[in-house]
Each structure stands twice: as C-alpha cells, then as structure tokens.
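Heads up: the structure comes next, in structure tokens.
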Amino acid sequence: MERFPDGWAGLVCANPCPSGFYGMTCSQRCHCYNGAFCDHLTGECNCAPGYIGERCQNECPVGTYGLNCTKKCDCENGASCNASNGQCICPPGFTGPKCESRACADNVYGPRCDEYCQCERESTITCHPWKGTCKCKPGWTGPTCSRPCPPLTYGPECSLSCNCENDGTCNPVDGTCICEPGYIGRNCSEKCPTGRYGTNCTQNCTCENGSTCSHINGYCKCLPGYFQSRCDTLCPVGTYGEGCQHRCMCKNNAACDPVTGKCTCGPGYKGETCNEKCDHGYYGTNCENKCMCNWARAAGCDHVSGKCRCSLGYKGVSCEGQCPRGYWGASCENTCDCKNNSSCDPETGLCICERGWRGKDCNEPCPPGTFGQNCSETCTHCVHASGACNHITGKCPCQPGYTGFTCSETCPQNTWGESASAALAGWGHDAPRYVLKDFMVTTAWVSVTARKTSSAVQ
C-alpha cells in the first residue's frame with residue numbers, strides 16, 4: 001500500500017492537513033492555544049501576536065507585546081498595554097495614547113476631579129489623579145511627603161540604603177555622603193591626609209616638633225618631651241615624657257632629658273639619678289678628672305672643682321706646704337693665740353710654750369723652783385741667791401757680792417754688786433782693804449761711803 005507524506009491529504013496528497021491536525025495521514029491533533037497556527041507537517045505552534053510558549057499558552061510578559069513578544073510597551077503612569085497590539089490600557093485617572101496625561105487638573109483628584117490633594121507641594125512629584133495618593137520626590141516619605149527619609153536611607157520612596165562610614169550621613173535625595181569632620185571620600189572611609197583636619201579636611205595643622213594632629217579637631221598629639229597646644233614648648237623643668245606627666249628623679253640640680261627622663265649630672269656627681277658624689281680623688285663633669293693633690297698631706301678634694309682639701313697643718317694648691325709659725329688648721333687659715341713668742345701645733349692649734357712658760361696660751365711663768373721647756377727642769381741649789389732661779393734659764397739671782405750660776409762664787413777682785421761687774425775704780429790692786437761702810441740706793445743716785453781700815457770688810 002502506498003504511504004502518504006506527512007501533513008498532506010487528498011487523493012493526490014495535494015491538500016495540507018485540516019486545521020487542528022498534522023502528521024502522517026493528518027491523524028495527529030494539534031495542541032496550540034490562543035489562536036495559534038499549528039504547522040501541518042511538524043505540529044509546531046506558531047503563536048499569534050501577544051502570546052509565547054511551546055503551545056502559545058502564555059501571554060507576553062508585562063511591558064512587551066506583539067509577535068513573539070518582541071516589542072516594548074511605552075505606556076506611562078503604570079498603564080499596561082495590549083499584548084497583541086501594544087495599545088495602552090490606562091489606569092483610572094490617566095488618559096492619552098500612552099496614559100501620559102492626568103485625567104484631572106493638578107492638585108485635584110477623584111472620579112469627578114472634585115477632591116483636593118493633601119500632598120506637600122515642595123516635596124511631591126504628583127498627586128494620583130484617581131486615588132489622591134502622593135508620589136514623593138526622592139528623599140521624602142509619608143502619606144503627604146512631609147517627612148524626610150529616615151537615617152541611613154535615601155532616594156525614591158527612601159528605598160535605598162546609605163553606604164557612609166565613620167558616622168557620615170547621606171543626602172536623602174541622591175545618597176551622597178556628608179562626612180563628619182576628619183573624613184573624606186565617596187563613603188567617608190578615608191581619614192584626612194597628614195597635616196590636615198576638620199570638615200572636608202580643609203584646615204591645616206599647626207603642630208610642631210614632629211607631633212601629629214587629630215584629623216578630626218586639629219588637637220596636637222605631642223611627642224614625649226613637649227607640651228602646650230602646638231607642642232612648641234619643652235616639658236617644664238622636673239618633668240618629662242608623654243604629656244610631661246612623669247616626674248624627674250634627678251638630684252643635685254642635674255638636668256633631666258624632657259623626652260626620656262635620663263639625668264645629665266652636673267660637675268661632681270654621678271649615678272643614674274646623680275645622687276652620688278665623685279669617687280675619692282676625682283672631680284668634675286662625669287667625674288673623669290683626677291685631683292692633683294699631695295695625698296700624703298691632703299684629706300681629699302672638692303668633687304666639683306677639684307680643689308685640694310688639705311689635712312690639718314698643711315696648705316697650698318696641692319697641700320705641699322706646712323703651716324708657717326703662728327698659723328694652724330685646715331689650709332692654715334687659723335692664727336695661733338699663744339703668748340711670749342710661743343708657737344702652736346699646726347694641726348690642733350694647741351700652744352707649744354717657749355722655755356719658762358706654761359698655760360693654755362703660755363702666759364704663765366714656770367712655778368718657783370722650776371724652769372725650762374714645759375717647766376720640766378728643777379732649779380739647782382742656789383747658795384747666795386736673792387730669790388728663785390730664772391724660770392727660763394734656771395740661773396740663780398745672786399745677792400750683792402756673789403756671782404756664778406748658783407751664786408756660790410764671790411765677786412772677782414775690783415768688782416762688786418749683784419753682777420760683780422762694778423769695778424772699784426781708783427783703788428788699785430789692794431782695794432779689799434777698804435771696807436764698804438754704807439750702801440745706799442736712791443731714786444737716781446748710788447752713794448757709796450767707805451772708810452779705810454786695816455782689817456777685812458765689816
């Protein structure tokens with residue numbers, strides 16, 4: 001039996017399948033919808049304008065129309081368009097080919113356009129001509145468009161979220177970030193550049209000595225060792241460090257580093273806090289100078305100047321000299337107070353009495369019967385003495401007519417008196433035959449009366 005080709009019918013197979021059928025002997029039923037044309041050979045649906053889908057079961061998506069839904073609707077104000085021909089279907093309140101016109105005049109609405117809109121004019125785009133609802137300008141919200149967008153939102157119907165950082169706010173209309181002082185950038189994420197501060201970073205910092213300033217308010221953050229509003233002043237004496245809040249521990253007027261607090265000792269001192277004097281024999285800055293003293297006679301030296309401090313009884317730049325007679329003590333500055341030409345000990349100042357004297361200041365003669373150094377010698381027996389021996393020499397004071405250390409000798413021939421030095425002038429060699437009659441001493445004259453005798457002096 002001869003086979004008919006698919007999609008054709010008739011005695012000579014010259015006729016396509018009847019509408020709604022396709023295939024071999026046109027025995028298969030088409031399944032196309034919405035007035036779609038079914039291909040008599042394949043059964044594929046060819047959709048009518050306004051529909052799509054394998055079986056043309058779907059209307060064009062909103063905003064499109066025509067054959068295969070390839071055309072875009074250009075209706076306004078929320079109007080839809082006919083899926084087949086694109087004709088605009090206006091919602092209530094609008095008119096015109098594209099529904100672009102209000103059915104009512106501005107500021108009125110309703111079926112008869114007799115109700116007044118309640119929208120804020122300055123912040124409203126339009127009042128719905130049918131319902132009277134307000135369409136707010138970007139940045140505004142509320143039934144009457146009287147409220148600005150809540151914080152962190154902006155744009156149409158306040159539907160967009162702000163993207164500002166560091167507490168920046170955004171413009172409720174377009175979302176532009178308004179940065180807090182100290183920040184810049186599209187979303188306020190950047191701090192002011194070094195040396196700038198304030199709103200939009202327009203202010204110049206005035207901090208000195210390497211300090212930085214707050215990018216927000218320009219306050220200077222001083223480096224350790226400086227203070228004042230511009231960090232232009234060193235820490236006050238006795239303080240150091242950040243904010244000058246630390247107390248220096250330096251002693252003896254040592255300088256304190258305003259940054260670290262390290263002590264710089266003055267001449268004569270050493271140690272971390274300059275509380276130690278230079279070691280014995282050293283002086284000056286850092287105690288690095290050696291004192292030039294005669295240490296056999298020096299007790300020390302000044303730790304600041306290096307001046308030698310002489311032992312008692314010595315003087316001189318290096319203590320090389322002893323105190324001269326009559327002086328004593330440190331650097332021989334004291335004067336002896338000793339009498340009768342006595343000297344004093346150069347160290348203690350105690351009097352060293354001359355022969356025949358005693359007492360604290362050598363103003364007392366030796367007691368009778370003694371003489372010499374420290375009155376330590378005893379007078380020898382005086383024979384014809386007129387008193388105690390001399391407290392200095394120990395010599396006896398002889399009676400008239402006697403002489404010698406102990407007065408044990410008579411006066412030599414032709415001499416007389418206490419010292420045996422008076423010569424009997426004019427009497428010749430045999431003067432002893434004349435006897436001294438009277439011996440009289442007056443205020444100004446000595447009168448001697450003698451008479452001749454043949455015997456001895458009576």
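From the backbone N, Cα and C atoms, a Cβ is placed for every residue, glycine too.
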- prompt: Between Cys38, Cys56, which residue forms the disulfide that TrEMBL gives for Cys47?
  reply: Cys56
- prompt: Which of these, Cys90, Cys104, shares a disulfide with Cys99 in TrEMBL?
  reply: Cys90
- line: Residues near Cys179 (disulfide bond) by Cβ (under 8 Å) yet at least 6 apart in sequence within the same chain, in sequence order, are Cys164, Asn166, Gly168, Gly185, Cys188, Thr199, Asn200
- prompt: Which chain-mates of Cys99 (disulfide bond) that are at least 6 residues away have a CB under 8 A from its CB, listed by sequence?
  reply: Cys75, Glu76, Asn77, Gly78, Ala79, Cys88, Ile89, Cys90, Pro91
- prompt: By a simple count, how many Cβ atoms lie within 10 Å of the Cβ of Cys90 (disulfide bond), its own Cβ left out?
  reply: 20
